[in-house]
Structures are given as C-alpha cells and as structure tokens.
Amino acid sequence: MAKMIAYDDEARQGMLAGLDKLADTVKVTLGPKGRNVVLDKTYGAPTITNDGVSIAKEIDLDDPYERIGAELVKEVAKKTDDVAGDGTTTATVLAQSLVHEGLKNVTAGSNPIALRRGIEKAADAIVKELVAAAKDVETKDQIAATATISAADPEVGEKIAEALDKVGQDGVVTVEDNNRFGLDLDFTEGMRFDKGYIAPYFVTNAEDQTAVLEDPYILLTSGKLSSQQDVVHIAELVMKTGKPLLIIAEDVDGEALPTLILNNIRGTFKSCAVKAPGFGDRRKAMLQDMAILTGAQVVSDELGLKLDSVDMSVLGTAKKVIVSKDETTIVSGGGSKEDVAARVAQIRGEIANTDSDYDREKLQERLAKLAGGVAVIKVGAATEVEAKERKHRIEDAVRNAKAAIEEGLLPGGGVALIQAAAKAKDDVKLEGDEATGAAIVFRAVEAPIKQIAENAGLSGDVVIDKVRSLPDGQGLNAATNEYEDLLAAGVTDPVKVTRSALQNAASIAGLFLTTEAVVANKPEPPAAAPAAGADMGY
C-alpha cells in the first residue's frame, strides 16, 4: 500500500486536528452535569453512554493524519481504563490541554525533548503530592459516595458499597441483565463455577432440582472416567466413611456413570458427578485452584497418579456442595489457609503481568472465587438502550470504587489536581525549556475543573480563581453549584484514577511534541462505477 509522509508543523497539526475531534466529543460528558453521547451501531439499537473510553473506541476518522492523532489519544483513555477503570475523560481532557500548550511552545522555538523532560518531571511531582494527600477508605459510606459520583446514581452507589462490603476487595462484582425493572443484588457463597450435574439422577432435592452434599469428599481429576474400575476403587474407600463423594472430571461416561447413578438410586452410596470448568490450560489452573481450596490433589497421568491405586489422601473436603443443572458451589473448602493465601498471591502476580484484557478478567474471576466471593448486580430498565447505558455506568462505578479502596480518595471535581500542582511547584526547580515544560503541566491541570464548570453552565476561569483561594479539600460541587468541603460532601475521586489520568496524558503529550514526521497509509481511490450496458438498438 502506498504511503503519505508529512513533516514538522504539517504532521503535528494534522495529528492535533484528530486529537481535537476526539477530545471535543469526549469532554462533553465530564462532571455531574456532563451530557451523553449516542453511538450508532451497525446492528441493533444505538448505545447511549458517558464513558470516555467507549466513545473514543467508536471514533474512526477519514483523514490518515487525523486518525493517527485520534489513535494516540485513544491510547490515553484505554491505558487509564486498564489501570484504574475510570478517569478516561479526565485523561483525554488533560492530554488535549498538554498538547495544545506544548505545540504553541514548539512553534515558538522551544526544544521538544526538553519540554518533554519538563512535562514528565512536573507530572511526577504532582503525582507525589496526590499520593501524599490520599485519604484511606474507612467506611461503607465512602465507597457508596465515590461509586455514586461515577455512576451519577445514589441507588447504584449503595448497591456497589453493599456488594464490596460483602465480597471484599478481592471479590468480583459482575453486572448482568435483569428480566424485571430495577436493581437486584445477589451473592454467591463459596466457589461457584458454571458446570452442573452430568445427569439429573444425582438430584437430592426434587423441589429445586439440586444435589446437596453435606460434608463430602471431593475427587478432582483432569481425565475422563469411563470404565467401572475408574470409580469403584475410590467409591469403596469413601463408602466406608459414610460420607458422600463429589467427582469433578473432564467427563464421566461409559460404565462409570451408570455405576454411580445406580448406587445413588439404591441409596447404597451418595455421589454426584460434574464436568470440570474451562478448557485446556485454564481448566488445569481452575482444577488446581479447587485442589488448594479443598485440600485435594488433582489426579492426573502427568503426576503418575492412577484412579485404581490412589488412597484417601488425594481427596479434598468441604462443608457443603450444592449442584444444580447449570452450576456448582463449593462452600467452606477444607484446604489450608496458608496454601490459599499463597495461591491468591500467585494469581495477583499473574494479573499484574498480563497484557490481555481477557486473561486479566479470567484471572480476577479465579481470584474472587478463592479469596473473596462473587456479587451480581442485575440491571433492568424500560428499554434495551437504557439498560445498556445503565449497565455500562455501573461497571465503571464498580471499578472506580475498587480503585478507591486500593489507593485512597482525594477531593473530586478536578480540585485535587490544582491543589497538588500548587504544592508541587515549590519542589520542581528547572531551567530553560524544561521549566517551560513544567509550566505547561501546571496550566494543563486546570483543564478538568474548567470543563466540569463549563458543562455545568459556569465560567471555568471564575471557578478556577475561586478554588485557588480556598483551603485544601474545598472546591466546587458542580452538582449543586456550591463551594464546600468536597470530602465531607462525598465528592471524591480515587487517587489511582487521578494519578493514572495525569501520568498517561503526560506520556502521550510527550510523544506528540517530539513527533517530527508522520508516515500514513494513502487512502484508496474510490472504485470506478461499473460501465453502463451497451445500446442494443432499442
């Protein structure tokens, strides 16, 4: 494919135009009085959202230089979303302000490399002040307040606070569709996975069609159980104890399944067979999680273990197991707390090191099943479009609340950035173009509060001047247009969100300013129209 090349100011201005188109679309959503953006979909109903990264992902510009500029800012939003789960609009607004201020100075003759160093040093100094000003989350009300700000809905804030209070920081809060209007909250006790009994003959409770095993032994195997010999040996060992047996295997079929069912129906031996969840390496990892939780050992050919020769030491235990048609829940596994804690630490390390969103999500689910629990917020609304929009807001608010628990809270509404910058100025001693780069950051941090004020119908400059004269922690509550103590009023932002927004914006701004040439794909010429049919003489 042919390429287009632009240099110097032409390259930067083309990229800047793309940045502005994306940022101007995203920033209308900032603050409690921000507006929504409607996203057209090729199939199905349009999506209505105020989530910066969702809007950014949908923007695809025709001009190749503009497209590159927009893609760089998308990266700001995506990186902030990956790290903190929120703050994508703030990051976009900061990036736009930093790039505009920086390009003015590049055009005036400043050295882009020195500007970039100054921007990075000033951003680091402000982040240091933000972290120092953090207030730990100590109450359920504080979690509710920060989730309410993110979702713009007090009911959502309360539900999220209740969910996180129950499942803990390592727990998972998922958001699902509800077939009735409103919000419902469900909790899962113990480890639950999406596989049910292999045959309905294992059911012990006919009313709700579940198999309930009290104080069972648990056999975990990575292979299939097909022959009678695969189950008879272990069944005879467990039968002597008078306790039931849960079998979790790749599959149970052939002679093995009717052997278990027949003993179950006769009342000779109570058991239940379930397929192992997941596939491939993920299945192996989940079986190992269950082994650690229950104190079992996974029986597999790789370890040289055979079902016809193992003893009771490979079996795990649990207080109770509940198996339905579609899912299995293991309550109070008998594994060692130290082993569970070590496994949790290992999974946390894997989460920190993975670059895949899908892998991260699956690892977090495994972490929750081991260390916390699972809460499900079910969302119902009058229309599909409204339900999707509300669901999206709740997902953002959950991640916002988790970020607050992790690193603490700051005054919201863009105030923390201005007040941290005022303190950081004294620590940043630079000269020349590096000092100019730092000054760019100290001006750019005003952009979020200015945009919040303008979205609320106020003058941004007037609000900034007023906030500068107020004590630390006080600022504009844009929801009420009152100046007050923002932490006391529940107007807060997680430290993780605010610092990630600034760090990612500063990083992309530095790349923008130091760009001297852009190589882009040349647009394909439009296809020629098909030739008209020949005149047949009629």
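Glycine is treated like the rest: Cβ placed from N, Cα and C.
A quick note: this is a predicted structure, and the numbers were derived from the prediction, not measured.
Within its own chain, ASP86 (ATP binding site) has THR80, SER150, ASP396, ALA397, ARG399, ASN400, ALA403, PRO494, VAL497 as residues 6 or more apart in sequence whose C-beta sits under 8 angstroms from its own. Residues or ranges marked as ATP binding site in Swiss-Prot: THR29, LEU30, GLY31, PRO32, ASP86, GLY87, THR88, THR89, THR90, GLY413, ASN477, ALA478, ALA479, ASP493.
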*Could you say whether, by DSSP, ASN477 (ATP binding site) belongs to a helix, a strand or a coil region?*
strand
*Using DSSP with the three-state reduction, classify THR29 (ATP binding site) as helix, strand or coil.*
helix
*Please work out the number of neighbouring Cβ atoms within 10 Å of the Cβ of THR88 (ATP binding site), leaving out its own Cβ.*
30
*Do any residues at least six apart in sequence from ASN477 (ATP binding site), in the same chain, have a Cβ closer than 8 Å to its Cβ, and if so which, in order?*
GLY413, TYR483, GLU484, LEU486, ALA489, VAL491
*Assigned element (helix, strand, coil) containing THR88 (ATP binding site), judged by DSSP*: helix
